[in-house]
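Annotated in Swiss-Prot:
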BINDING   GLU135, GLU173, HIS176, GLU259  Fe cation 1 binding site
BINDING   GLU173, GLU259, HIS262  Fe cation 2 binding site
TRANSIT   1-30  transit peptide
Amino acid sequence: MALNINGVSLKSHKMLPFPCSSARSERVFMASTIHRPSVEVGSVKKAFTPPREVHVQVTHSMPPEKIEVFDSLRDWAAQNLLVHLKPVEKCWQPTDFLPDPASEGFDEQVKELRERCKEIPDDYFVVLIGDMITEEALPTYQTMINTLDGVRDETGATVTPWAIWTRAWTAEENRHGDLLNKYLYLSGRVDMKQIEKTIQYLIGSGMDPRTENNPYLGFVYTSLRKGVTFVSHGNTARLAKEHGDMKLAQICGSIAADEKRHETAYTKIVEKLLEVDPDGAVLAIGDMMRKNISMPAHLMYDGRDDNLFEHFSAVAQRLGVYTAKDYADILEFHVGRWEVEKLTGLSSEGRRAQDYVCGLAPRIRKLEERAQARAKHAKSVPFSWIFGKEIKL
């Protein structure tokens, strides 16, 4: 799934537009591999497995001594990470944007919402639904962060800054899917049962970010991923405004603001890792870039379309909600913010990773040009989320 980041699908899901090292790098001290099941097991269709095969999975690739890096950063995290959380009493809640069911004017408010939604085209709804489903798979994302060695919430109520951040971040994110879900439900424009099935399939399938229980890789992944969601929700806000639904624009804009705040926090973690362990951190950035940042919803399935995520991504690309150019811009922003080009004292492997990362954005922009050329010949496919209507990719 090359360059598939919540809206970009420049190749099939079979992998990368960029070279990918076939062997593990020398930096890996201890790692185990979860192999594919045997032919006998693999040939049997299982009810609760991803719609397609995930990669051979590497686990616990971070050398054990590196855990000390994250132990030593606990005070830093308490002072520099937790400040990017908002107190619950100061956070917006979904009810702030929705018709009040306890109000005498509830029915009229719902009618007004539905009238506004009549002006919104079906392809926009496809993208908004895809974004909502991605947000609703939040249990998977908290699970992913809690796979990371050295920072996981060991008990479910651990009081380290890392664990506090993960729980509170999850609590803030939980409002996003709730709000979009309720808005779409009230709109009357979508097939909620198909959407709900897609959410259940997605959470059941999990995700395959290839972060290897390694917090270096995990925080690089989340930094870039949060940049993507900020851009995506920001663009859905812009389009909602163009379609005349100012309330929906406000909803998407408020979610985008949260995502930007979270992006800043995760970006600061990688920035700090580059300060205390520049070689280890730049190798992690290079590793994730070579693998390609797969989006959390890349195993999306509705019971019908085996390529649902690719189709949703293609619509998002066509509408300008999230494109390869956006990915290049996000990557360029982070590489500049992290001052990767200025790193010195790196190992030979670190310098190769540095060169690769710094030269990646221009290569992605060339791929964007090819994608635009292919888009002129795009087909149309049905989306169960909008009652099987066909949408151009």
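Numbers run from 1 along the shown chain.
Every residue, even glycine, has its Cβ placed from backbone N, Cα and C.
Annotated pair GLU135 (Fe cation 1 binding site) and HIS262 (Fe cation 2 binding site), C-alpha to C-alpha distance, rounded: 14 Å. Of all the binding-site residues given, namely GLU135, GLU173, GLU259, the one with the smallest number of surrounding CB atoms inside 10 A is GLU173.
HIS262 (Fe cation 2 binding site) has a Cβ environment of 23 other Cβ atoms inside 10 Å. Excluding the listed site residues GLU135, GLU173, HIS176, GLU259, the same chain places LEU138, GLU172, ASN174, ARG175, GLY177, THR229, HIS233, ILE255, ASP258 with Cβ atoms within 8 Å of the centre of the Fe cation 1 site Cβ atoms.
HIS262 (Fe cation 2 binding site) sits 9 Å from GLU173 (Fe cation 1 binding site), taking the Cα positions as reference. For the Fe cation 2 site, the Cβ centre of GLU173, GLU259, HIS262 serves as reference, and the other residues of the chain with Cβ at most 8 Å from it are TRP169, GLU172, HIS176, LYS226, THR229, ILE255, ASP258, ARG261, GLU263. The Cβ neighbour count for HIS176 (Fe cation 1 binding site), using a 10 Å radius and every protein chain shown, is 25.
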